[in-house]
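Visitor: Following this message is one structure expressed as structure tokens.
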Amino acid sequence: MRSRDRSGPRRSRLGPTLRVTVWSLVTVLVGIVVLTALVTGMARMRVAAGVTELAGELMPTQRETRALTIASVDQETGQRGYLLLGDPAFLAPYVSGREAEARAAAALTTLLRADPAAGADLAAATAAAAAWRTEVAEPNIAARRAGPLPTERVAASERRGKELFDVLRQRLAALQERTASRERGALAAIDAAQRTANVVALGAVVLAFGVAVASVPLMRRRMVRPLVGLQAQAERTADGAYQTPIAVTGPRDLVAIGDAVETMRTSLLRHGAELTDARLELALRDARDRLAAEVHDNSIQRLFALGLALQAAAARHPAAEGDLAPLVDETDAIVRELRELIAGLVRTEVSAATLRGQVFDLVRDCGRALGITPALEIRGPLEEAVTDEAARELLAALREALGNVARHARAPSAAVRLAVDEARVVLAVEDDGVGVPSDLAPGEGLAVVAARVERLGGTLAVTPRPTGGTLVSWQLPRTRDATPTPDPADTARTRP
């Protein structure tokens, strides 16, 4: 009886493995951190660059532009005061303004080297300042040093000076607006970069928190629940519920573990069923063996002895042989039927491995029936020299030869010799009885044995012994390649 497969349908492997799930979560979190670091780092670099530009270029430019404007206004104020009052003290702002203008213009030329548009505005402003000084300021100052100026000339000079100075103001305003615009742009860029860094950092925090929150139900569904379910099913199986299949869903590695547990469960079921079958088979065989032993040791031996007694009586009383022969045949038939019944019950098989013991048992059993003790001699590695088929034929030949000794020889002694050499296996059964009667018709038993051994390449010979009695010689070539190694331990002389 074989156990049935109760494992049910094969479970489908769903989703990635647990390792892939964990690594995916770790990769997402690490990716968020790395991306956040990159973006915020770039934003911080832009902020740093903007601050550097603002502090090193734009703010100094704006400062020098204001200084240039103040210097121009100081020059115009000092020039007008000197024209009205003629006091040389009023020329001090004019002189200091020209020096400040020169310094501011030189500084702006250096600062605005990378900005052609602002450089053009600076050039226009310095040109307008030079035009105002050349056409208005310097001539008026020189004339006023010579003496008071007529009212008409002062008025005309003021009109012309206002026109040229308005042009200068416009040029300075344009330059100041351009530098201020650059400063505002830099501040806006710094602010934008800072906002970007802040937004990215905040987004990374929110995203990481979202991943952490989402990973809780994900890990519960992908790992905790399958593990708890697998643990519960494994504990249930360990408690003896072997009939319930193990069903696991989730990551492939957990499903693989579930498959291993399911395989273990089905293996336990199968081994349990096999153990039960083996126990039943052993019990049945034990019952058969007891029955067969009872029949063999009592019934067959008594019938065999009865047959031998009838044959002996027929030999002593030839006149009654005709009446006793049917009884002997019937006894032999009953013995054969009982032997067939025993063979069906015990299911013994003749093999090379068991041949030595079965030869011993057969000689012993026949000795009990004959009332004599045949000598038994076995030499050589019998198990290594014959196949299972040859072993069966040898045992059949021995049984037939001993049966003939019992039926015809009336021998006081008999001997069985079984020898193995490098080329052949020889079975010799001899007795010191009356020999083979000349008028005895050849039986079918030895003829069948001869035919079967010839089929295997062997021979069977029945010859009289010089000192009386009969020798049955059964020979068969070695049917295995192993070469016997002579050893005194291989030679066994026993008397069952």
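Backbone N, Cα and C define each Cβ position, glycine as well.
Quick caveat, the model's predicted, so the values are computed rather than measured.
If you look up TrEMBL, you'll see 20-43, 199-219 marked as transmembrane segment. Annotated domain 'HAMP' per TrEMBL: 221-273, in sequence order. Under the heading domain 'Histidine kinase', TrEMBL lists 393-480. What TrEMBL records for 467-496 is region 'Disordered'.
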Visitor: Roughly where does the domain 'Histidine kinase' (393-480) sit in mean pLDDT, to the nearest integer?
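Guide: The average pLDDT of the model in the domain 'Histidine kinase' (393-480) works out to 84.
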Visitor: So which residues does the transmembrane segment (199-219) touch in its own chain, when a touch means Cβ under 8 Å and the partner is 6 or more beyond its ends?
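Guide: Same-chain contacts beyond the flanks: 21, 25, 28-29, 32-33, 35-36, 39-40, 43.
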Visitor: On the DSSP side of things, how many residues of the domain 'HAMP' (221-273) fall into helix, strand and coil, could you say?
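Guide: Counts, helix then strand then coil: 40 helix, 0 strand, 13 coil.
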